[in-house]
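Below is one structure, written out as structure tokens, with a few remarks after it.
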Amino acid sequence: MSGSQTVSVIGYTKMAPQSPPATVNELWFIDTQAMFQNYANLRSFSKSNSTETQTTIGGVVFGRKARKQVIHVFFAYAEDLTESNLQFLESSLSSDIELVGNVNIDGQSTLIGNGTFTLQLSSKMLENKNTSEFLDQNVIFNNDHISMEGASCVSKVGFEWSLRAGREQEDVKSAAERLSMASFRFSYLNAEHELVIREHKPETAKQKYMDKFTKGALPYKDVIEFTAMQSLTRDTSNDTEDQKLVPTVKVTKDNKHFTRLVTIGEVVFPAYFGDSSFDLYKRAREALNRRANNTMMVTVNGIRSGRGVTTTTSATYLPPGWVSLLHLQLPSKWTENEKRNYRIRLHKLFNLPSSKPCLRLSQSLPLHSESVRLTNKKLIREPHLSISNYQPAGVVTAVKGPYNYHHYMQDGIDDSGWGCAYRSFQTIWSWFILNGYTDKPVPSHRDIQQALVNIGDKEQKFVGSRQWIGSTEISYVLNELLKLECRFIATNSGAEVVERARELARHFETSGTPVMIGGNMLAHTILGVDFNEMTGETKFLILDPHYTGSEDIKTITSKGWCAWKPASFWSADHFYNMVLAQPPTDSI
């Protein structure tokens, strides 16, 4: 199989070692470390019964042909390299990414899809992460980090599918096909900036706005919302901007018993600097097609497995190490155990880590104003990232992953003077939500108090009171509600807090959770440590729950409510206890 041969069948073939092509017309770019990590992630999963004796691994390569970039190399055991899995992978990726190649490992090649080249790999190369050997065997590639770029265009598209009893699978597939065939009729409007993405759309001066917006943009934070419209005519070439466009999807009913499946798809597609109107239209149409196909495949899988017809929720992710977004339809009404098993399958399919969650709904990106959120969208997220002009004294270790800033006077509760530990607890809980360890909402003060009553630590009259809690109570509630273990650091003075800086640094390196510290009748949240081994100088990144103002990031960072504090911040005359919540190591 030469680099130019295409394949459209599924299976494995034994291949003789290939010599590299004599000439190289175009170089592709690939991040070999990302490829090696994907292989390691797959191998980290324990094998299923069906793969217990299966050692053959292959893979598929997805990329951007126009840019000659390999974006993903997905590895899989032979049994998982199926046409349906290939279609599911493609339907979940950004609409500008397509199948570009296959993988040959130790002389055995994946024969699936229409790849234009084959990566020549060996088990030893992958296990040793040997970039030099890869480049020697694959001369059309340059090893380079591929940067994330571009803005995200996002729109909500609703569609209803009527499914006849006993023929649900057939009707789901037909409905998805009809929606894909009609996708050319959809247009996307942003009224604020007078932007229209549609078929037969001529270039206008408004394109300059898109170039300005997309230059230097990042897809997970730079977003333009569009309203989806559907043309009522088949030929859209002569439509004016305001003609024959309505936000509707036609539904055909018959006289038989049917199930009505309603889906609100979050259609997301990238926009890059220099894009033409036609570039955007092609990606928008492909993104809608992929949402329909992804919904169809998840629905059919649910029917085949005996779960019946289930609704799905659109979710967009930026998994760790990825430079493009992942788009999924998640089953809404499955049991928690069913959802967990499904997430494990997705982790294997997309070569995500086996030791930590990546695809919980709480980890999805709220790109649209109506995206699903499991935390209060008004709260400030990761305020420490907005601290500017800080010069480290030594080595900085800090919290890993997002969290929300909880402080006095939020949620309509006046807890000034007594609620600081409750707020620190809520900040810690938000970390566990946003990093995918739970979908349970942040507990209120009353919820926290009731949990302490339930375990026998407090009497019933404690519920609804304005009584303080401390580090011990926080650990009790985390264990009761989330089954989490906590470590403690107890000190007799503020000076001892400084002496435990190395221990705190190890916590942030390994666990990464915010740390609640209580002492001197106050509670704070430690987000990081700056420690100089040579001089002993130590500073602490503190999030102060005693703030009573509005969600103003400038005030919070400039007035010291989220700031680096010197060792003298801790009182020499008081003891302090720290709670270090431990994330589970087997949670997906």
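Using N, Cα and C of the backbone, Cβ positions are placed for all residues, glycine too.
Feature annotations, courtesy of Swiss-Prot:
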- Cys420: active site (ACT_SITE)
- Asp544: active site (ACT_SITE)
- His546: active site (ACT_SITE)
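The Cβ of His546 (active site) lies under 8 Å from the Cβ of His407, Tyr408, Ser416, Cys420, Leu522, Trp561, each of which sits 6+ residues away along the same chain.
Neighbour counts of Cβ atoms within 10 Å were taken for the active-site residues Cys420, Asp544; the minimum is at Asp544. Asp544 (active site) falls outside any helix or strand according to DSSP and counts as coil.
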